[in-house]
Amino acid sequence: MTLHAISAPRLFDGVRYHNNAALVWQGSQIKQVLPIEQLPESIPCQHYTDSIICPGFIDIQVNGGGGIMLNSDTSPAAMQTICEAHRQFGTAYLLPTLISATPSQLAKALQATEQALNDNIAGVLGVHLEGPWLNPKKKGAHDASLFYAPEIESLEGLPWLKQGKVLVTCAAELMDTNVLRWLDQQGVILSCGHSNAQFDQLTEQKMASVSGFTHLYNAMSPFEGRSPGTVGRALLTDHAWCSVITDGIHVHPQSVLLAHRIKPEGKLLIVTDAMASVGSVDNKFELDGQTIELIDGKLVNNEGSLAGAHIGMDESVANVIRWGIEESEAIKMASTYPAQAMRCDDLGQLTPGYRAAATVLSNAYQSQAVLVDGIVY
Ligand SMILES: [Zn+2]
């Protein structure tokens, strides 16, 4: 198989920087990072001026893109459109995300994901089921009439994936501990979100099965002196990662910096929570029969509630750098850390043997190209 390469004045491999370096891969696997002058002339190389090559961005919460919502079109073709839309903004892999839906739609989303993985649709890492096991008091833009507390028997009936990753966001305070444990044992990655828990309701037994918290600060009981809430539990649970939306609208920049100061290294990661409008000229789309509209950069439903974000990964990374987080750390929050959170041990670093996945950013942090499984887009 032929070797291929890309090069740039700067390369960050997820651990350290290399100047004037080339990334070499064969098939879908990284072979080497080496100085450009040592690259054999026989290897075709695309050079990007004024750019940085970094590990491919991974977005674990993407409801839509390219004019399509996964909730409206729960198919492998829709997943492909969503991945293509987000590649323009630097995302190599993502979890198409289903907002609370009926059990039959959940089954359909799982089947469509299995099919997308079988068909090797570039960029699909698995699926994120955001609900419907959520707290109606923190419903956000979800349809609370779809919420319920599941039993193991009903979950056994779902076509869980044979490959790929499944992330489930649930309100852990409303879930039976045995149900959480059962999901964890199936390999489902559990994240607490749309939660109205009192601190003590998120018990140690429950947290033992919970790996993360979904969009920290948004749609969860807040931190207060007398009542630390879900936010307090999220910040104080060292083993759990927290995803955060960094569009500057959902969360104040200082709140992002506060979480970054409190969470152990690697446990704060960026998600977009993007909707159909990303990578599309349409500023309006439908969700559960309600119209979501883009107004002044904000996506709002008829009630005026925020309904997801209108942002891509590259801008999300640029924002946190602007707010004061180091460039290398910001990049890891969008690549290395989500890879670790999703237990992908061959993603998140530009290291020999890892999957050939990279994002090329301009010096202004705009995506120039994305490498996915050995193909440059
Ligand atoms: Zn949400």
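Placed from the backbone N, Cα and C atoms, the Cβ positions cover glycine too.
TrEMBL names ASN218, ALA219, ARG226, HIS250, LEU306, ALA307, GLY308 for binding substrate. Of ALA116, ALA122, ALA141, the residue it gives for the same site is ALA141. For the substrate site listed in the record, the two most distant Cα atoms among ALA141, ASN218, ALA219, ARG226, HIS250, LEU306, ALA307, GLY308 lie 30 Å apart.
When the recorded positions GLU130, HIS194, HIS215, ASP273 are screened for a Cα within 10 A of the Cα of ALA307 (substrate binding site), the ones that qualify are ASP273.
Counting every protein chain shown, 21 other Cβ atoms lie within 10 Å of the Cβ of HIS250 (substrate binding site). Cα-Cα distance from ASN218 (substrate binding site) to ASP273 (active site, proton donor/acceptor): 11 Å (rounded to the nearest whole number). Just so you know, of the binding-site residues ALA141, ALA219, LEU306, ALA307, the Cβ with the fewest other Cβ atoms around it within 10 Å is the one at LEU306. Using ASP273 (active site, proton donor/acceptor) as the reference Cα, a 10 A cut-off selects none from the binding-site residues ALA141, HIS194, ALA219, ARG226, LEU306. Ranking the binding-site residues GLU130, HIS194, HIS215, ASN218, GLY308 by how many other Cβ atoms lie within 10 angstroms of each Cβ puts ASN218 at the bottom.
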